[in-house]
Amino acid sequence: MENLVVASTSFGGAFQHLISINTTNNTRNLHCCCFCFTSPKTPSSTSVSSSPTTPRVIRKTNTSLHSTRRDAMLNIQRVGAPNLDSALARYGGMVLAQDLNVILRYYGKLNRWNDVSQIFEWMQKHGKTNVASYSSFIKFMGKNHNLMKALEVYNGIQDESTRNDVSVCNSILGCLGRNGKFESSLQLFDQMKQGGLVPDVVTYSTLLAGCIKAKNGYSKAMDLVQELQDNSLQMDDVIYGTLLAICASNSRCEEAEAVFQKMKEGGFSPNIFHYSSLLNAYSVAGNHAKADGLVNDMKSAGLVLNKVIMTTLLKVYVRGGLFEKSRELLVELEESGYAQDEMPYCLLMDGLAKAGQILEAKSVFDEMEKKAVKCDGYSHSIMISAFCRSGLMEEAKTLARDFEARYDKYDLVMLNTLLRAYCKAGEMESVMQMMRKMDELQISPDWNTYHILVKYYCKERLYQLAYRTIVDMHSKGHQPDEELCSSLILLLGKVGASSEAFAVYNILRYSKRTMCKALHGKILSILVAGGLLKDAYVVVKDNGGQISRTSVKKFAISFMKSGNINLINDVVKAVHSSGHKFDQEVFDMAISRYIGEPEKKELLLQLLLWMTGHGYVVGSSSRNLLLKNSPLFGRNRISEILSRQHKMSKVSRTQVENEK
């Protein structure tokens, strides 16, 4: 550490901002940082520099080299875009990879992403990269949400030792987690271990951070903690804090308490972050008694309640239904200067609104407006949603228009809120305006957006528009709600849009959700009524056992009358396989269809043979019809089959009589 201090001070104050580090809180990343500007050491140079009799000329030469590199770094750093290329061409040969890393991190801390990319590409082109170069660049690309570039660079690393270096691996895993690709980070982590990665505490801390918002995050976090311990690594205060946050986000209050206790038993003193995370866990269930106890513990430990703690405590009170106590705490926040933005007011407003106290929520909103609290529109979103839930559509519409007039800033949540308000108020033009706004801002609709629109179109009887919205929703990877789809299927069926109804049915059918059994019978009736008998056959074939006998019989009769004659035998087999027995009427209709088309005699013979093998016999009317037309189908063959059926029928009757 002494060498680092010397290196950071030997060039004067001009470099302090480039190479300062927090030696107490950020020791994890020391291996990623290169602060030494001396030339790579060799045995001879080491002995010369350490000798008290070193000639002054050599020392002057080293000082001159240091000065040249320092000046070159300053010249590159000062220029930036658009003249960075020329500066690198002029001075790049005078500096080493570790010098360029310092400049790379300098640009990264200033969020100058173009300069970061430009200098890194130059470093790659001229072979002036090392492990720290890749680690820093990938980390900055993650911060810039440029995941594709980060992956491109990581996958392009040819040197195996660099690719498997723990700092590089940690950077790309963190990049994936930061950009919402937690599952991908776990998959890559497994590949890294197979490739030779030896994970450290930072690796597990990075992956655990992704568990906070991940589905089933708690169980995945426990797996990672177990693996960490199996590798003989020790948990630190950062990991404990992350585990507390994971417990809170997964509504695991008791587990959070256990983690907190284990942390203290391990010799770690909880800080504000740890207390805040545990307090957040208490807020899930509104456990105000434990929250108050925790706050008292903080005060006893000499910790000062900051804005985060007091705001989280407010959330606990609100969720616990302690609205008077919430108001008192809000006053404390105001007096402490912690209520200068809308968040504390929004917490109280939202709690009051969801408790049905709309007028009280509106009074908090009005109070906030009078105090000119800094707002981003979130308070509008809460009140608009509250008015919509309470059926106060005029109030919702008025507040929505107020938001549009006041703010020129939209996000998906706010657009959905406005869209819901206008849809419920039946404001078609405003609905279209919101959709145009989403297109202009290139904001992609989410599940809620589609759900709002489909319900609105159904209410307005715009069933084709609702259908196209469901199709678009499905194509974008969103799973439609079964109840909504079922309603739309029935509505489409009523207006004769049978093919569209079947398309929605298939979207629902091929989703991963379990369908209501009754829906199979409903779509079958719609398809039969619409004459889509081939599609109806598919429904019966796949789900016939879940459809009523009456519905199946109606389908079978319709198919025998006008369905594809080439599929009649398949329909008979499908219905029989689903557990339904055929009435004689259905067979009579099938035989009549075949006799009407003598060229289908092979299909008729196959049907008669199948009937014989499965205990069915033709009725007297069909028997007479077959004998009458037997010259067309082979007299001897028909007689033989009918004779076998007659014998089988006789045996069957005898068995029935004996049983009596």
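Every residue, even glycine, has its Cβ placed from backbone N, Cα and C.
Features of the protein shown, as given by TrEMBL:
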type: REPEAT; residues: 165-199; note: repeat 'PPR'
type: REPEAT; residues: 200-235; note: repeat 'PPR'
type: REPEAT; residues: 236-270; note: repeat 'PPR'
type: REPEAT; residues: 271-305; note: repeat 'PPR'
type: REPEAT; residues: 306-340; note: repeat 'PPR'
type: REPEAT; residues: 341-375; note: repeat 'PPR'
type: REPEAT; residues: 411-445; note: repeat 'PPR'
type: REPEAT; residues: 446-480; note: repeat 'PPR'
Legend entry - Intrachain neighbours beyond the repeat 'PPR' (306-340), with Cβ under 8 angstroms and 6 or more residues off its ends: 272, 275-276, 279-280, 282-288, 291, 295, 298, 347-348, 350-352, 355, 357, 360, 373-374
Legend entry - Residues in the repeat 'PPR' (165-199) grouped by DSSP into helix, strand and remaining coil: 27 helix, 0 strand, 8 coil
Inset, instruction - Take every residue in the repeat 'PPR' (271-305), average their pLDDT values, and give the whole-number result. - result: 92
Inset, instruction - Tally the residues of the repeat 'PPR' (411-445) by DSSP class, grouping H, G and I as helix, E and B as strand, and everything else as coil. - result: 27 helix, 0 strand, 8 coil
Legend entry - Helix, strand and coil counts within the repeat 'PPR' (306-340) (DSSP): 26 helix, 0 strand, 9 coil
Inset, instruction - Count up the helix, strand and coil residues in the repeat 'PPR' (200-235) according to DSSP, in that order. - result: 25 helix, 0 strand, 11 coil
